Amino acid sequence: MILKDAYTEGIKKLKSANVDAPAITAGAILCCILGCEKEYLYIHGDYLLSKSEYERYCDALNRRINGEPLQYITGHQEFMSLNFAVNRNVLIPRQDTEILVEYVIEFVGQKQNVNILDIGTGSGCIAVSLAYYIKSSRVWGVDISKEALEIAKINARSYGVEEKIVFIESNLFENVPLQKFDIIVSNPPYIPNRVIDTLDRQVKDFEPKIALNGGEDGLDFYRKIVKESVGFLKPKGLLAFEVGFDQAQDVVKIMESSFKDIKIKKDLAGIERVVTGILSG
Ligand code: GLN
């Protein structure tokens, strides 16, 4: 089948299965299989797909129709204008998380040689972006999942920052070397237990539960990280969290005993998304 016809057929198939953005989806899948840019699809509409290309295309369309997120099918997601490799062992980077990364970049400003610890690094989207955009930074990325760390390392290598980041397999602070950081950042799992089953099928059936589950009330990791970060931050060190849509005030309360100058940042939808504080004392 020629490219143009495969594209039209794919769009039709996705549309009749009520998949969002059928043209973008079919195009992204074709680009991924052919290893080409979007423009190629329009310029080379007469390109004859090989049998294997066509089969892989149909298989990918079916996976999407079955609810699998496009990012796991194509294997990547853009974040902070960088292209991150992802698979089912890691959470797909979200646009909301860019607010957290941007805040940290702004906080660092002209400061030199900052040490940053990212707890629950997953795909490494936060750690790699910070290492990439903050030139003199050194970053530690921690995750309990060995499989996630493999992806994070691939992403660090893609952007030439593997020398600036130390990845550590660790349950929170357990294996983090006893040293003081300028900044601790985290987008921890924050979905309350009982809510997980009500999430979109795309999320609950495909994204790693371990990256989502924040315990009974969703706040388990905030409590643990706040408590432990006191011993790992330099005086006036920054702790910066992403939080769930209704968790900002709860996280502020958790932080209040040991942090000052607590600030909340909203995301593009106006939702309180980031909570930050400076170690007091
Ligand atoms: N730090 C990664 C991200 O922000 C993973 C977060 C997680 O798995 N909870 O996407």
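Just so you know, glycine gets a Cβ as well, placed from its N, Cα and C.
Residues Gly120, Thr121, Gly122, Ser123, Gly124, Asp143 are given by TrEMBL as S-adenosyl-L-methionine binders; from Asn66, Asn83, Asn187, Asn193, that same site also lists Asn187. Cβ neighbours within 10 Å of Pro188 (substrate binding site), excluding its own Cβ and spanning all shown chains: 20. Among the binding-site residues Gly122, Gly124, Asp143, Tyr190, the ones whose Cβ sits under 6 Å from an atom of ligand 1 are, in sequence order, Gly122. The Cα atom of Tyr190 (substrate binding site) lies nearest to that of Gly120, taking the binding-site residues Gly120, Thr121, Ser123 as the candidates.
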